[in-house]
Amino acid sequence: MKWKSLLMPKGITVENPNDIPNYGKVIVEPLERGWGHTIGNGLRRVMLSSLQGAAVTSIRIDGALHEFSTVSGVKEDVTDIILNIKKLRLRLIADEPQTLKVNLKGSGVVTAGDIEDNPNVDVLNPDLVLATVNEDADSSIEMYVYDGKGYVASDENKKEDDDITSIPIDAIFSPVTRVNYAVESIRVGQRADLDKLVMDVWTDGSLSIHEAVGYSAKIFYDHLDRLINIDAKFESIEEEVVDEKTEKLRQLLLTKIDDLELSVRSNNCLRAANIRTLADLVRNQESDMLKYKNFGRKSLVELNQVLADKGLAFGMDIDDIMGDDEE
């Protein structure tokens, strides 16, 4: 018995018509029935748990020995500062851990944009408020940046060589902040039992939507590849699957001229020229139409308007679209 391949998707489309930052609507189609949920649920789990990102894992604040300390001249206590730092979104360029530093001096608001430049780390949300200071403040924060996956609790971020002033914090490494998915039923050609997967994906800006989906699919594939222990050849599906838009266009081109409600003069001219369908009509150039008996400029204007309303035009190459379906 020959194994027959399943219908494969054509690829992915990423849409963001409203230009929402770090968001994309990912569309995968067509899929065999049931595969929308299989792929959607799997990719969602991988995106949220297994993609690598960067985060601050511990800090050191001058004048603070633990997370319940207060710092002179700083409105927030250390616990509040840690909560703010946990919202810091970073892109780690180097392969090694990095250190970031920000001074708590002067008077005003200290933001992530005030962090001293480190060429190996990109700060993605520079407007994030870290602390509020007054003229009495004279301190600084050192933040230690590592790469990782998912969520790691502060206890797991303790290092053996950390001194007493190092404060480990919870770290959220995942570059994907949120994923939703839905499965819609679609029709392609003669098949009305296919799936369309629609995923709403948000990232922290360290990965593009294409990268988030691509890396997740690669991780998924690498795991499944380990399970393949057979050398079987799959026979391609014999049924030709026609794109839904192409099918709609084909049906439109098969529309009878008599159904277009044209003027009597235009209708009679087309009938005399043996033009029976829209397919017959659009194969003609405008200059060809004026050669037909009794066909004038007024009729040409009328037909141009009719074709434009339907998204068609004279001089179209439709042989590949129509195939053998013309009657």
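Even glycines carry a Cβ here, placed using N, Cα and C.
According to TrEMBL, the protein has these features:
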type   : residues : note
REGION : 1-235    : region 'Alpha N-terminal domain (alpha-NTD)'
DOMAIN : 23-230   : domain 'DNA-directed RNA polymerase RpoA/D/Rpb3-type'
REGION : 249-327  : region 'Alpha C-terminal domain (alpha-CTD)'
Treating G and I as helix alongside H, and B as strand alongside E, what does DSSP give for the region 'Alpha C-terminal domain (alpha-CTD)' (249-327) in helix, strand and coil? 44 helix, 2 strand, 33 coil
Over the region 'Alpha N-terminal domain (alpha-NTD)' (1-235), work out the mean pLDDT and round it to an integer. 91
